[in-house]
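Chemist: Pasting the relevant annotations from TrEMBL:
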type	residues	note
BINDING	Arg20, His132, Thr354	substrate binding site
DOMAIN	39-379	domain 'Aminotransferase class I/classII large'
BINDING	Gly107, Tyr108, Ser180, His208, Thr237	pyridoxal 5'-phosphate binding site
MOD_RES	Lys240	N6-(pyridoxal phosphate)lysine
Amino acid sequence: MGFESLASELESRKKKHLYRKRRLLQSPQGTEVQLDNKHFLAFCNNDYLGLANHPDVVRAFQQATNECGVGGGASHLVNGHHQQHHLLEEELAEFTGRDRVLLFSNGYMANIGAVNALLSKGDLVLEDRLNHASLLDAGLLSGARFQRYQHANLESLSQYLSKPRAEDNRTLVVTDGVFSMDGDIPPLPDLANTCRENNAWLMVDDAHGFGTLGQNGGGCVEHFGLGQDDVQVLVGTLGKAFGTAGAFVAGSELLIETLIQNARTYIYTTSMPPAIAAATRVSLKRLQSEHWRRERLAELIKRFRTGAAQLGYELMDSASPIQPILIGSEEKALALAAWLEEHGVLITAIRPPTVPKGTARLRITICAEHTAQQVDRLLGLLDQARVQ
Ligand code: PMP
């Protein structure tokens, strides 16, 4: 069999303005980057607190590499569970106020592993329809009955929860903490109450909330004051505000032991490099204690929102660093991204199937490392773009 059908599929993607392309980063990640031999002011990375290139974090990584080598060398359950992993798990448990934490190599695997360790055929998984792809994939893969409820909508969730269920079957409600393409936050205290009333567990993936939300960067659960009894399965990723790589699941002793026994994406993979864990321990300290990073971020977000709204752009209900501008058509979103790129500013156009049809957008992310002048430069270009 030839590959003609693949070629026509790719061609049709191109025609629909849905073709994805990679580009070559030739500088460190940051607010100013060198990409495909051009210099850009970037509003599209997730290093929200500017910790990825912090000298102390880099130094911790280098030192740990000297001491323990580059690779994890084996899976956690063979002999790849290093002292640095162990210490980071303990420090993250204290940070999140949970009994225990389990590290995963990335967020995608944490989500797949956690959902699949908890559910199987006969169970029920209810997901917000705008959940991150890894959560949706996790639910589908589990073999449990899979249902998506309307975005952040308690009534819609309750409808599914009120249907009769066998008593010994499990129900898991799954949501992003900060929605990755919209930047908004679901009504978590209400979701937690609804889950409690209906004998369901609540799982929150707070990939974008850790570091940016809560007084100490403890994410949406700190922001709302929710404990382990409210959100039983809490996921964080380390590749965003922590500035490193990897992910973790936080929860009760029983949850973590269950994941160690059952989570296939934990069991059957090489542990994250121990030096990443060592670097994350340093970034965790800064993320917690350097409140000025969150304050600066909040000021920049406000500056951007005020300016963009004055220009008449349609923003979303987001106080987070994710500040999409809603465009609608894929073609127009691509054209605006291309025009900004010609003028030296890099922003990704997000199109279906990542977002629902008709809601293509420019996904702007703001970081504490941006300056007010850089935000103003973006606003100036958005002003000019209106008349192009
Ligand atoms: N969850 C959410 C909400 C995300 O936005 C992402 C990354 N885009 C992930 C999980 C996956 O995390 P990782 O990049 O560590 O695989």
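Using the three backbone atoms N, Cα and C, a Cβ is placed for every residue, glycine included.
Locate each feature and note its surroundings.
Modeler: Long-range C-beta contacts of Arg20 (substrate binding site), restricted to its own chain and to partners at least six residues apart, with a cutoff below 8 Å, comprise Arg13. Annotation note: Arg20 (substrate binding site) sits in a coil segment as assigned by DSSP.
All protein chains shown were included, and the count of other CB atoms within 10 Å of the CB of His208 (pyridoxal 5'-phosphate binding site) stands at 28.
According to its DSSP assignment, Lys240 (N6-(pyridoxal phosphate)lysine) is coil.
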Chemist: Please work out the number of neighbouring Cβ atoms within 10 Å of the Cβ of Thr237 (pyridoxal 5'-phosphate binding site), leaving out its own Cβ.
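Modeler: The answer is 26 other Cβ atoms.
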Chemist: Taking the centroid of the Cβ atoms of Gly107, Tyr108, Ser180, His208, Thr237 (pyridoxal 5'-phosphate site), which other same-chain residues have Cβ within 8 Å of it?
Modeler: Asn111, His132, Ser134, Asp205, Ala207, Gly239, Lys240, Ala247
Chemist: Given the binding-site residues Arg20, Gly107, Ser180, Thr354, return the subset with CB under 6 A from an atom of ligand 1, ordered by sequence, or none if empty.
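Modeler: What lies within reach of ligand 1, judged by Cβ under 6 Å, is Gly107, Ser180.
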Chemist: In the predicted model, what is the mean pLDDT computed over the domain 'Aminotransferase class I/classII large' (39-379)?
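Modeler: A mean pLDDT of 97 is what the predicted model shows over the domain 'Aminotransferase class I/classII large' (39-379).
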